[in-house]
């Protein structure tokens, strides 16, 4: 495969390098470095965890084998009775002594060594590879990884991926292979064949989920990204329901709800094949959500799925929300009986402001993180700081996640509560102190710097806000306004705003950065590969973003002459570019009328 390097720009990320054509032929988004770094961190933790689980299984199997051999030997010894012949008796006893001492050890050692050879390096499937950068980084940066299979149904992408595999040398060519095929067909034809399946599509992953949950090996890792955030956050609820089987709500917690909708959808697909998922990490970053789940097979454990799903009732007036479980369980003798959930958990009208409720879901209401995994991933990232290009960002996200309440779905927004009452907002530290002093738990959220997770009921939350307003009076509002209705009631709980030591998390107390700004302008989604650039893209993204996306205009890669050549042919790069004019304002129209 002959390649004219003058037509390409070399992009280096981590230990991998890829050749990107100066035309928009193959999709690449620099902003996804956060996604790729987080995936590598989780993959490293998965390989370590997988090895630990295998060692534990071997140890258990070895002990079991030893006990079986000892039992057989003891039974054999009892069956053989001693004879009157002293020589024969001594000879027989001596033989049995050797067997009793050495037999179990040898059998256990043999079983251990035999099982040890069964653990092979994990096979990874990147279902939608595009340039192959992610697959190359997996192969070059993750120790102990096996074969990496990169798929794409676009010939230009597969050609680019194969070119990049060769460009990265022998290590990549020996581990990474690229195929032109439909990812869904490939996954369906390889059931339980991959230890890791990575889905990172352009848009919704819904059409790949059914085949993905079948392709993951038992105990394997499924990594899935969804970038259709407008759909998942309630802009088109009917579209979200058709894709994911859940109805979204427009709340301040909509991005976390998007995570939980995606998890519920994956669980639904897995249940059809007597499988279930265990989330280890769920992240909302930049313009997408990303979940990491392990997939297991168990018909009995699958029955617990309704206990992990809930409907959400959200008041249209004050944004109070309540969760109702889809199912419940009752212990019955030595078994468990599964029953429908009891509801509704709310009346027709909100008890706080008198407005109606919107109902959404079902969503995943069980924990979306495994705190042991999160701490392991975070420690691994800190120990390999130089190997993560986006170290600061992923470390900040993981730090915030490690301090979240794992068993509290969704969160409150302090500014939203204050906006409902039209009052000044208390500081986060004061509000958290009031919640803790009321004997409830509270934490932040990695999704929103203003988000507050707590197990306190909404009655306590509004009582705290009523007490705050009493000390910080506001102007009278319309009696029909939700805030006026809430404030018309006397608080049943007197809030204590004295500062509590737990009002600040450990990261906050140490002043560790938790929410970082974007590193550069236009840090977000990019134009789909091969799409014609129109005036709409220019107006939305700007000339700098569009041209930078197409040309991969990195000044450090070229000299001054190349920079001048890149500035000239804007007409060739952007088709249908409009003449730049200042849009008329209302003052202009008034002056011409």
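Cβ from N, Cα, C; glycine included.
It should be emphasised that the depicted structure is a prediction, and the values quoted were computed from it without experimental measurement.
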Region 'Disordered' according to Swiss-Prot, located in which of 498-545, 546-593:
546-593
Which of 36, 44, 290, 294 does Swiss-Prot put in the same S-adenosyl-L-methionine site as 134, 152, 185?
36
Top Cα neighbour of residue 350 (Zn(2+) binding site) in the set of binding-site residues 36, 134, 152:
36
What is the Cβ neighbour count of residue 350 (Zn(2+) binding site) at a 10 Å cut-off, with all protein chains included?
24
Take the mean position of the Cβ atoms of 315, 318, 350, 353, the recorded Zn(2+) site. Which other residues of that chain put their Cβ within 8 Å of it?
316, 317, 319, 320, 351, 352, 354, 355, 482, 485, 486
Taking only the binding-site residues 36, 134, 152, 185, which one has a CA atom nearest to the CA atom of residue 353 (Zn(2+) binding site)?
36
Nearest-integer angstrom distance between the alpha carbons (Cα) of residue 134 (S-adenosyl-L-methionine binding site) and residue 315 (Zn(2+) binding site):
43
Express the distance between the Cα positions of residue 36 (S-adenosyl-L-methionine binding site) and residue 318 (Zn(2+) binding site) as a whole number of Å.
39
Determine, from DSSP, whether residue 185 (S-adenosyl-L-methionine binding site) sits in helix, strand or coil.
helix
